[in-house]
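**Q** Below is a structure I'd like to ask you about.
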Amino acid sequence: MRILFIGDVVGRSGCDAVSQLLPKLISDWNIDLAIVNGENAADGFGITEAIYHEFIAAGADAVTLGNHSWSKKEALTFIGNAPRLIRPLNYIPGTPGRGSALVETRNGKRALVINALGRLFMDPVNDPFELLHEEITAHPLREATDAIVVDFHGEASSEKLAAGYFCDGRVSLVAGTHTHIPTADHRILPLGTAYITDVGMTGDYESIIGIKKEEMLRRLTTGIPSGRFEAADGEATMSGIAVETDDVTGLAVHTSPIRIGGRLEPALPPFWPDSSVPVA
């Protein structure tokens, strides 16, 4: 199975990158499962129903969230009618929406997509490790699903790496999100799970983690807020990770970061022969 995971989409420039690039990538690379983290898609904070449908129309099979799940209050209402919108599973019981979704892939297989929120340096939530174990045990790889992808949305690299090893051999991919800075540690863990500490953001990198520099600099240098944070609107880099899994085990056999467009050095998956095709 070919899996493409797209990191935190920030603002309109990030949304445009998804709408313009994702359909072509799905076609050119024969992607079976495409996942987009959309928690910063609406002006840098949260997601709207219109943006959710925009991502689905572009080819996303699932849209994950994070600590900004409810920054746009409409999400509390429409998430109940958005079966492929996945908020963190370790919010308190009774929270609207779902923490995982079983989706059908383009090659007719089943994939479980899970969203978990870290606890280190984040707002209080329930134990992500306990709930990940419950979810993975209830839908075991190779039995109930052909692939399992975990979006672990967290601040601390140590906690995300712990999640990778905790899930190793039981899921296809653990993709870290939240910091908006792509890390260089993509690899396949000893028991076969693809892992990266942070896939980076899909947004304008001529910014401070997707936010226009001016107000962020004022606050950091003076300690005094003088305006609202606004999403940067320059050309976006699409950042993410590509994974190919074994059809029998559901575990990873290849993984590579992707970076397309914008200001970062390009990166394409070398294990897909058609990945050299220009995508911009």
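Note that the numbers count up from 1, one per residue, in the order the chain is shown.
Here the Cβ of each residue, glycine as well, is placed from N, Cα and C on the backbone.
Since we're looking at a predicted model, the values are computed, not measured.
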**Q** According to TrEMBL, Glu39, Asn67, His153 bind Fe cation 2; identify which of His133, His178, His180, His186 is listed for that same site.
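**A** Only hit among His133, His178, His180, His186 in TrEMBL's Fe cation 2 site, alongside Glu39, Asn67, His153: His178.
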**Q** Which residue of Asp8, Asp146, Asp151 does TrEMBL report at the same Fe cation 1 site as Glu39, Asn40, His180?
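**A** The one candidate that TrEMBL places in that Fe cation 1 site: Asp8.
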**Q** Can you tell me the CA-to-CA distance separating His153 (Fe cation 2 binding site) and Asp8 (Fe cation 1 binding site), as a whole number of Å?
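**A** Answer for this pair: 10 Å between alpha carbons.
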**Q** Among the binding-site residues listed here, Asp8, Glu39, whose Cβ has the fewest other Cβ atoms inside 10 Å?
**A** Glu39
**Q** In whole Å, how far is His178 (Fe cation 2 binding site) from Asp8 (Fe cation 1 binding site) when you measure between their Cα atoms?
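**A** The separation of the Cα atoms works out to 7 Å.
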**Q** For a quick check of packing: other C-beta atoms within 10 Å of the C-beta of His178 (Fe cation 2 binding site), how many?
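**A** Step by step: centre on the Cβ of His178 (Fe cation 2 binding site), count other Cβ atoms within 10 Å, giving 27.
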**Q** May I ask for the distance between Glu39 (Fe cation 1 binding site) and His68 (active site, proton donor), taken between their Cα atoms and rounded to an integer number of Å?
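**A** His68 (active site, proton donor) has its Cα 6 Å from the Cα of Glu39 (Fe cation 1 binding site).
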